[in-house]
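What follows is a single structure, written as structure tokens, with notes after it.
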Amino acid sequence: MSASRFIKCVTVGDGAVGKTCLLISYTSNTFPTDYVPTVFDNFSANVVVNGSTVNLGLWDTAGQEDYNRLRPLSYRGADVFILAFSLISKASYENVSKKWIPELKHYAPGVPIILVGTKLDLRDDKQFFVDHPGAVPITTAQGEELRKLINAPAYIECSSKSQQNVKAVFDAAIRVVLQPPKQKKKKSKAQKACSIL
């Protein structure tokens, strides 16, 4: 077995969209019932991919505005970002392009982003929308449209509570680092030959 490769994966997104729950669900197969706003937490998980061990360093960030100046410190050295929004929060969906993409492009240009819609279990929960009349669900088509807009290689909807697609989120993050999508080559003007006289 070859030596393990370290991949730094940073989760970002609005406060209360489920970033910490996603990480806890992935690393411990449990769902936390209490909401505690994150300052910064790190997790580490060894994952075997195609016979090679990958040490996946998982960095959690706080989405609240109070941390706007502190949060980018965790971006340094990131190999991939998981950009999360809630499938039951139109504001968090809109902030992907309004707030998060500009921030990531400024502090970590060129780092791939996996777009993730969280709280999939609540999107189809009629009782949730009765209890929260202002909530607006985000459709899969809207998520896919946003993925194209921000040029993300993948969009995944998941539920940390039911574990649906949780592993798929991190598999996609690992895959985009180990096998980056081929960049379309720009047609360059004919290269000039160098002549030595």
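Every residue, even glycine, has its Cβ placed from backbone N, Cα and C.
The GTP binding site annotation in Swiss-Prot covers 13-20, 60-64, 118-121, and the record cites similarity to another entry as its basis. Annotation source Swiss-Prot lists S-geranylgeranyl cysteine at Cys194, citing sequence analysis. For Cys194, the entry in Swiss-Prot reads cysteine methyl ester, with the evidence type sequence analysis. Sequence annotations record features per position, and here Swiss-Prot assigns motif 'Effector region' to 35-43.
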Original post:
Which of the three DSSP states, helix, strand or coil, fits Ala16 (GTP binding site)?
Top reply: coil
Original post:
Which whole number is the mean pLDDT over the motif 'Effector region' (35-43)?
Top reply: 66
Subject >> Site of maximum Cβ density within 10 Å, from binding-site residues Ala16, Leu120 >> reply: Leu120
Subject >> Cβ packing number for Gly13 (GTP binding site), 10 Å threshold >> reply: 25
Subject >> Other CB atoms, at most 10 A from the CB of Gln64 (GTP binding site) >> reply: 14
**OP:** Starting from each candidate's C-beta and looking 10 angstroms out, tell me which of the binding-site residues Lys19, Thr61 has the most other C-beta atoms.
**Re:** Lys19
Original post:
What does DSSP say about Thr61 (GTP binding site): helix, strand or coil?
Top reply: strand
